[in-house]
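Per TrEMBL, these features apply:
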TRANSMEM  89-108  transmembrane segment
TRANSMEM  128-145  transmembrane segment
TRANSMEM  157-176  transmembrane segment
TRANSMEM  188-207  transmembrane segment
TRANSMEM  363-388  transmembrane segment
DOMAIN    373-655  domain 'ABC transmembrane type-1'
TRANSMEM  408-428  transmembrane segment
TRANSMEM  487-506  transmembrane segment
TRANSMEM  512-532  transmembrane segment
TRANSMEM  589-615  transmembrane segment
DOMAIN    680-908  domain 'ABC transporter'
DOMAIN    980-1260  domain 'ABC transmembrane type-1'
TRANSMEM  1020-1043  transmembrane segment
TRANSMEM  1090-1112  transmembrane segment
TRANSMEM  1209-1226  transmembrane segment
DOMAIN    1299-1533  domain 'ABC transporter'
Amino acid sequence: MGSLLSLGGRKVSSLLCLEYFPFPCHHWLSHSGSGHKCLHICCLLCDTTCCKKWDLLGFEPATLQLLTTSWWLIANAIPDLPQCFQLTVLAWTPCVYLWLVSPLYLFYLKRNSKGYIMMSVLNRVKTIFGLILWLVCWTDLFASFHEMQQGHVRPPVYFVTPLILGMTMLLATFLIQFERLRGVQSSGVLFIFWVLSVLCAIVPFRSKIIYAGREEGVSDKLRFTTFYAYFSVTVAELILSCFNEKPPLFSNVATDPNPCPESTAGFLSKLTFWWFTSMAIKGYRSPLESKDLWSLNKQDTSELVVPNLLGEWEGEKVKAQRYSQAMYSKPAVESNHVGTSPEEVEVLLAGGKGVRQPSFLRALLKAFGPYFLIGSAFKLLQDLITFINPQLLRMLIEFTKETGMPSWWGFSLAFMMFGCAVLQTLILHQHFQYCFVTGMRLRSAIIGAIYRKSLVITNEAKRSSTVGEVVNLMSVDAQRFMDLTTFLNMLWSAPLQIILALYFLWQTLGPSVLAGVAVMVLLIPFNAVIAMKTKAYQVEQMQHKDMRIKLMNEILNGIKVLKLYAWEVSFREKVLQVRQKELAVLRKAAYLGSLSIMAWTSAPFLVALTTFAVYVSVDENNVLDAEKAFVSLSLFNILRFPLNMLPQVITSLVQVGVLFPSLLVDALDESLMQRAVFLMRALNFIVNGKFSWAKKDRPALHNINAMVPQGSLLAVVGHVGCGKSSLVSALLGEMENLEGEISVRGSVAYVPQQAWIQNATLRDNILFGKPYVEQKYRCVLNACALTPDLDVLPGGDQTEIGEKGINLSGGQRQRVSLARALYSEADIYLLDDPLSAVDAHVAKHIFDNVIGPEGALRGKTRILVTHGISFLPQVDNILVLVEGTVSEMGSYQDLLKQNGAFAEFLRNYSLEDIIEDDDNPKAMSVRRRRCSERRHGELVQEKKKVQVEKLIQAETAETGRVKFSVYWDYAKAVGPLLSLFICFLYAGQSAAAIGANIWLSQWTNDADDSARQENVHMRVGVYAALGISQGTMVMFSSFTLALGKIQAARKLHQGLLDNKFHTPQAFFDTTPIGRIINRFSKDIYVIDEALPSTVLMFLGTVFASLATMIVIISSTPIFSVVVGPLALIYFFVQRFYVATSRQLKRLESVSRSPIYSHFSETITGTSVIRAYGRNGDFVLMSDMKVDENQKSYYPGIVSNRWLGVRIEFIGNCVVLFAGLFAVLGKEKLSPGLVGLSVSYALQVTMSLNWMVRMTSDLESNIVAVERVKEYSETPSEVQAPWEVENKKPPNEWPPEGNVEFADYSVRYREGLELVLRNISLKVKGGEKIGIVGRTGAGKSSMTLCLFRLLEAASGEIIIDGVKIAEIGLHDLRSKLTIIPQEPVLFSGTLRMNLDPFEKYSDDDIWNVLKLSHLHKFVSNQPAKLDLECSEGGENLSVGQRQLVCLARALLRKSRILILDEATAAIDLETDDLIQSTIRTQFEDCTVFTIAHRLNTIMDYTRVLVLDKGQIAEFDTPTNLIAQKGIFYGMVKDAGLA
């Protein structure tokens, strides 16, 4: 259309007025012979004489065709197109489209069949109509032949057009049927064809009526009739193609309970995303729940997506190998060295570029490229359409200038702008849909790939990246990849848009554009530098963040220990130090960000300013009129986006390219997983085995020779850290096999030392994927002494076990783990010390019923690591390990005869008579009863209930709108005055922008003014001043926002952290750690980064939209009439969208955590999962969780598209009305004002869309503040400050260590039963008290009370005359010492683990290491005291960790020491050493010991027997044995009496 107004680059606007039309311009247009042919085809076909006389004028024929058309168009008040044009171009357009598209479409249908659709009424009608159209077209053709026979010759067009049309209709009919056979329910190709057909037929439809009216009657009745028949049937076809066919036979739509309506939606519905409306309405009426979500489309599920990617990746690796081999073989041939060693070749290769890495990016492109390309095609279309509107704007401004132009031309321009904008909207959102779906598939594929590989990853690889890092890779980095797909097309689209924009600008302003281009080119490096710096900061900040999360993870895992040791302050400081660094980086990044925002906002303005200034200064004749100014402005606005995005996309590509492949390739590297392959061959033996945990490490086991006959029971014994667990791991293939060979025959069941429990029901934990057999299951429960526990658990064996088995006691967890092994019926059982965690009598029961010669596993091969001497006589063989080698091996009797180290050891410890007294029914019944009274009887039940409630609470806490108080909380954190100031600055910058544009419109009105030359400098100056003030305000507003956001981030994090350190232990028992970590990672990340940028964009878009409305209303006041209805529609769409999208986001984040918790659960249990060979099932579980998450993510994407289409439609209406009112008020408006209001309207679409999006994002991001607030306000430890100033005990307190319980009762939480009831006892300083009792009797609770982890329900505890309830918690806890049941170490140096406050000298520390028997181990380490402990102390054995805890206690050396089952994981000899250390070092201290091994407390001053929370017996051991009460029964069971 633009070319109507400039013929051959010259201005012909005068041509368009009728008076000038016939002759005056022939001397402008030189005649050149080219193009004659094209014109004459048209003329010959039509046989019209319209062109003949023009030819004489010497016009270029192509121009001439245009002239005739435009003349017809604009000459008349009633416009019309020439018949020649109607019969050719209009008739052929739909046909050309269909014939061009068909081959591709047919190829696509052949490749993708969705099944077969039964013939329906709709289909029959469509087909019949298609045939009728063919008949109608050919009726015309035969009529022409008939006339020819009659001697009335018609021009060729009367033969050609009906022939082409008829064949096209046959093609369309064929497509209707072919689509049915290939399962297409609604055809886009045919829909577009029918739309084009109807649109092209409307012109002749109107012309024929006009002619008929003018000529009184119809000359050619037949063609008149056939045309209207053709028109009606085409319209009918169009209407029919809006409806859908039924789904294909046997499609999964029929079987799926809640299929996604997209698969059955029609073309129109897909185009406008109408199919999503049902969910938007449902979400508006009531908050969506996961049951409302649609199933995932088959092609988006992990089941299809992951194998696709992995397949491509395998292919890449094979290629890389081939390439490397080819390169490898070359040097060997060409080598003129004699005997080049392979190592040298490798070095040579590494030096060259020979070794080709498999490219992960290439694998991704192959897997997801083709689908993504469809999106790219849409993007190309959209880019081209974008440039039509500025041209239409130019014509509109032209139109307002010219007087006497017919107003229909103005209206049609307004409608054309509207049509273009609508088309652009639809195409753009299709592009986005394709990109986002690609991104979604990419994320599924990456998570799936990482998960599959993590199941087969080695310990060495595991060590190099913590669970946290891999989870980060899965969550944050996979997300980044996903975000990148949406912008990837900008790589080619941005340069294309820039080139097109510059071309049109050159057309408008000539060479002056170069000045503007220069400014842009200068801005690009500026933006790029900022982007690169920002990325560098981001990487640095990620490191700090990882560090902080890792630290928090450990702190939360060991929170109980921190509380017991009163170490919170030290760890709080550690976290705050990391946080401080993190915020420092954030601040730098924020300042950079505000510079880049300034550049982003000011770029179009600076470009416009320089271009206009140069344009008016270069030549006095250059006039800046409205047309030039506003068309250029709208082109500059188009330029803004690509210019900004290009550097960003390139840097994020670089970043993802740097970050991702290396991490992923590491995570996916096969060489890390060559193990676990040698399982399942021949007999069970190890010959000359040498094993280490990583290739680079020292061997942990060497010279191992062992053979285990089929069906025998082998016991493995030895000191702490001698390699017993390593031996089991070696048999499982979990270690690097450095030399020797190993063979394990048959399937394996493995019971690790620390039981691995899934977050599933108790029954699922035991079945572990095996089918449920009632009889077998009951036997297993009985054998593992689990039956009594079921009565205690609230849901029996359907009780859900929390993560890490949180609601089971240590013994219960171990027995569940054993039950799992027993149920699996494997050939070989590897039992890594399963008996240490259970009480002596339970251990005996399990040995007798499961492991021993009479147990359920008799006849199976069993390898049992144990510290229990009493079982050794009953085993077939014993293997003694000393410092990683086998010192002796043989049966119990053989070893005693050999008189080696083992015999010596046995003589010292053997309890004179290891007699079993099973005939005594009383003992049996006592034992049975003991099993049943498991630990925390009622407690577990209550705890479980609370946990369930808690889970539900966390989900329901946030539905509906976010309360205003939450926004206010954030504003308070930013600072209320600062918040106001920020808003003020935003208003200021919008005002400045409007000012600059109004000034520009005034300036363009100078065009007619004679004095314009004098004004130029003033005009340019004021324009510049307004623009620069806008830029400055933008910068200041983002600066202040940056300050505010850092302040808010610091305050909110500090509040959360302080509260968590003060929160009572009960909270951590009932809240999964993942949920707390989520607050510290995801939510704090949102508050740090996502929320501020959302606020920034939100304020920006709100003020931009307001500015647009103000400008349009001020230039055309009548526009205010439309604002009301449009605002109303806008409001409704926004409410629907926000309600639905907010809930979808919540569902998405709720379903996201199970992916990661399942993943970390898997990582911790890989050895178990591998041993049982359950990799496949776990992969399936992970895929299900990912798909479940994508189920809520997908509607989330679509909701954005749904919104976009609707909101942009409102924006397009704004464009339409701005245009219409400009046409209506043409007489009153200056061209400058028209340009101003319409160019503003063209921008409004974007800001309206973003405004809703930002409102929604703001709502969903502010939820982070809500969640952090929620956890910053959990009740602190019952009004107990860490220190009470006026009640500080003296430094040397407690001087003696007297402890008194006075009528003391305690419960775990409000509303629960009492755990201890009315305990009264006095302990003198220096006494040694042993505490025994059945599980759940309240032994541990009693020690927790001393530390006030549990607060008294009634009564009090007095230590040396001080009531402990009155002093500060730290004052109390720092004066007591505990060696807890579970040894907890933190990652950091060994020194830090012993002395976090750095109070003691190195000598002190070496001294306690000697006493705790770690001296040898530590002095052998190269790093000595700086030995790095890994996360949770994984690189030390459980026994060594326990010794570290002993060293801590020795270092603190307080008057009161509590041992909580502290020696369960230690062999007897070390245990003996520890006991003697405690006796000598803590001789004058008061010691409380909770004992599993009764022999450790037989020489204590007194023994306290607890039963159901009350004191049952309390006296010296000898007296208690004499009384023959509960204690006597226990001693007898342990074989000590």
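The backbone N, Cα and C atoms fix where each Cβ goes, and this holds for glycine too.
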Other parts of the chain folded back onto the transmembrane segment (363-388), taken as Cβ under 8 Å at six or more residues beyond its ends: 308-309, 311-313, 315-316, 420, 423-424, 427-428, 430-435, 437-438, 441-442, 445, 485, 488-489, 492-493, 496-497, 500-501, 504, 635, 638
Long-range neighbours of the transmembrane segment (157-176), counting only residues six or more past its ends (CB under 8 A): 45-47, 84, 87-88, 91-92, 94-95, 98-99, 102, 105, 123, 126-127, 130-131, 133-134, 137-138, 140-141, 144-145, 187, 189-190, 193
Annotated stretches the transmembrane segment (408-428) and the transmembrane segment (1020-1043) touching (3 or more Cβ pairs under 8 Å): no
Touch test for the transmembrane segment (188-207) and the transmembrane segment (589-615), at least 3 Cβ pairs under 8 Å: no
Confidence summary (mean pLDDT) of the domain 'ABC transporter' (1299-1533): 82
Residues from the same chain, set at least six apart from the ends of the transmembrane segment (1090-1112), whose C-beta lies under 8 A from its own: 590, 593, 597, 970, 982-983, 986-987, 989-990, 993-994, 997-998, 1037-1038, 1041-1042, 1044-1045, 1119, 1123, 1214, 1218, 1236-1237, 1240-1241, 1243-1244, 1247-1248, 1250-1251, 1254-1255, 1257-1258, 1261-1262, 1264-1265
Of 89-108, 487-506, 1020-1043, 1209-1226, whichever stretch has the most CB pairs under 8 A to the transmembrane segment (589-615): 1020-1043
Long-range neighbours of the transmembrane segment (1020-1043), counting only residues six or more past its ends (CB under 8 A): 587, 590-591, 593-595, 597-598, 601-602, 605-606, 609, 612-613, 616, 978, 981-982, 985-986, 988-989, 992-993, 995-996, 999-1000, 1003, 1092, 1095-1096, 1099
